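Heads up: the structure comes next, in structure tokens.
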Amino acid sequence: MEPGVAARVAAVADPVLQGMGYRLVRIRISGESGCTVQVMAERPDGTMQIEDCEAVSRALSPVLDIADPIDRAYRLEISSPGIDRPLVRRSDFERHVGHLVKIEMAVAYQNRKRFRGIIKGVEGDGVRITRDDVAKDADPDVVLPMADIGDAKMVLTDELIAESMRRGKAAEREKKRDLGLAPPLAPHAKPAAQAKPKPKAKDGKPAKKPLPTDTKKHRLAADRARRGEIDPD
């Protein structure tokens, strides 16, 4: 596909996504088995459910048909970035500080194009990573110019999976709150018992606890009273 087509699709898709509360991650156009336009999007919190993809597809498809940024038949595909997502913006690197990343440079840096390491932070126009594939006597830290990065992708790790699950659960709770649905009660949980009101005090003195009236002593006294042996009063 000719250069600039992805940019034209992005110019059409980005306003639609922003209006729906999503963020455009990447446009990828493939010519294999026909033309496929892949629109990768996400929520502000980095999540994207199947329902979100369906909503974006319904909204974006007619807009692309009218704008017609591609001069041939194509298949529209809406996808989420996934756990091992690409990093394309400054905010992507900032959000994933502490995680492992693979970077392919479009322009060689220090005579190499491939880097792998932990993201330490963003400094100016570069991203600092601590490489995990250097010799013991070499400095593992390197700052790569973001403008020269051709492709950057997260490496699937247990830590990344755990964070993705946490974000997914948080997004699900937020969705339920937006719909006004309370989270279901856990099977083992019981409703909290309501405290019974305490007897009110009279004349500034604590109220006395009522004495029991159904003890053995009371029953014997009542029996003798019925036989006329004692006065029940």
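The count begins at 1 with the first shown residue.
Keep in mind that glycine also has a Cβ here, set from the backbone N, Cα and C atoms.
Copied from Swiss-Prot, the annotated features are:
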- 167-179: compositional bias 'Basic and acidic residues' (COMPBIAS)
- 187-196: compositional bias 'Low complexity' (COMPBIAS)
- 220-233: compositional bias 'Basic and acidic residues' (COMPBIAS)
- 167-233: region 'Disordered' (REGION)
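A Cβ distance under 8 Å defines the sequence-distant neighbours of the compositional bias 'Basic and acidic residues' (167-179), meaning residues of its chain 6+ beyond its ends; these are 43, 45-47, 49.
Look at the compositional bias 'Basic and acidic residues' (167-179): DSSP puts its residues at 13 helix, 0 strand, 0 coil.
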